[in-house]
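Below is one structure, written out as structure tokens, with a few remarks after it.
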Amino acid sequence: MQLNKVVLAYSGGLDTSVIIPWLKENFSCEVIAVVVDVGQEDDFETIKERAYKTGASKVYIEDAKAEFVKEYIFPTLKAGAVYEGKYLLGTSMARPLIAKRLVEIAKKENADAIAHGATGKGNDQVRFEVTIKALMPNIKIIAPWRMWNLKSREDELNYLAQKGIDIPFKKEESYSTDWNIWHLSHEGLELEDPWNMPNFEKVLMIIKNPFSLNDEPETIEIEFEKGVPIKINGKEMNCVELLKYLNKKGAEHGIGIVDIVENRLVGMKSRGVYETPGGTILHYAHRELEYLCLDRATLHFKEMVAIRFAELVYDGLWFSPLREALSAFVDKTQEVVNGTVKLVLYRGNIYSAGSKSPNSLYIKDLATFEEDQMYNQKDAEGFINLFGLPLKVFGMVNKKAGDSD
């Protein structure tokens with residue numbers, strides 16, 4: 001098959017560097033490499049040079065950090081979405097945004113196809129492709145890992161050598177990682193055995209090892225407006241600055257390490273270690289404020305929504321009608337989530353040190369054990385009689401034979 005232009009999600013790694021000449025060989029096409037900056041702090045000039053060296057006709061470096069935080073991270077934070085009780089969805093949130101940028105450039109360049117370097121075993125192939133199908137239904141999608149017969153890193157290096165492309169990729173001796181402004185993930189090597197405890201001195205790249213910390217407790221205050229963090233210690237920051245600041249503080253105190261065996265969308269279990277320092281702090285603070293501001297029914301129902309929201313994000317269904325509808329519900333709940341949370345960070349732990357809100361539903365006069373004017377304790381008897389009536393009726397009707405009244 002011959003194509004005119006293919007837009008490739010390019011990272012600068014070995015896989016996507018091999019894909020460029022492979023696409024040109026198999027589709028006789030021009031390859032446009034797209035690098036989306038979601039906070040991975042790579043050397044983008046070196047990546048651009050590598051893309052051209054491997055045969056790209058054009059390279060886009062897209063700064064998407066602010067969009068990532070405002071349009072993906074904060075809506076997920078407001079939802080309280082955590083996959084399987086642990087994973088804060090760092091990679092899952094980034095993939096739909098990257099795919100969206102690929103679609104935008106494919107339209108701009110009038111491309112025939114979009115290609116990606118996700119393997120046939122992982123979740124990312126699904127996340128990329130369902131997003132592309134949602135936003136550009138008729139464009140062709142190319143997934144080389146499901147097509148070519150290159151089976152190993154050595155095969156890929158040999159392929160580049162055959163093409164006369166000399167790039168100094170080293171033998172794989174480190175973990176498979178994914179990095180953005182929200183998190184850093186680690187998979188592979190000894191982590192593939194769930195019985196092995198991670199060697200934090202070897203694994204961790206951002207967060208300090210909590211077992212060797214000698215830090216002092218640090219108090220911070222985070223102010224929220226409609227569920228969105230806007231200030232740290234009274235200082236207003238833009239979304240990227242705020243998250244970077246909390247990443248730094250969390251990392252210094254050993255906060256945000258998650259070791260999880262998770263259920264992949266494609267049917268297998270995988271084990272990963274995630275570093276999410278700022279995200280862990282924000283989730284904790286946001287939840288503390290919701291305890292203060294949301295009524296019981298809303299808080300409890302929102303917990304169910306959070307589970308489904310997390311599954312949708314994990315599965316790559318960011319642009320689905322259901323995710324958008326759930327976000328509308330979440331936004332309504334967050335209208336009253338305003339206020340400040342005070343936290344203490346210390347040796348891998350977060351401690352709540354106080355919270356306040358103009359929308360606080362906590363009324364001291366109601367909660368006090370002392371005599372008060374707002375709550376008549378005698379009213380409780382009638383409430384209990386009505387609340388317990390269904391159980392009383394069930395007990396009367398289904399009373400076992402021989403039971404005494």
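Note that Cβ sites are derived from N, Cα and C of the backbone, with glycine treated the same way.
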In Swiss-Prot, the ATP site includes Ala9, Tyr10, Ser11, Gly12, Gly13, Leu14, Asp15, Thr16, Ser17. Which of Gly85, Gly90, Gly117 does it also list there? Gly117
All-chain count of other Cβ atoms within 10 Å of Arg127 (L-citrulline binding site): 27
Site extent for ATP, whole Å (max Cα pair distance, Ala9, Tyr10, Ser11, Gly12, Gly13, Leu14, Asp15, Thr16, Ser17, Gly117): 13
Count the other Cβ atoms sitting within 10 Å of the Cβ of Tyr274 (L-citrulline binding site), across every protein chain shown. 26
Restricting the comparison to the binding-site residues Ser11, Thr119, Asp124, which residue's C-alpha is spatially nearest the C-alpha of Tyr87 (L-citrulline binding site)? Asp124
Coarse DSSP state, helix versus strand versus coil, of Ala9 (ATP binding site): strand
On a count of neighbouring CB atoms within 10 A, which of the binding-site residues Ser92, Thr119 is highest? Ser92
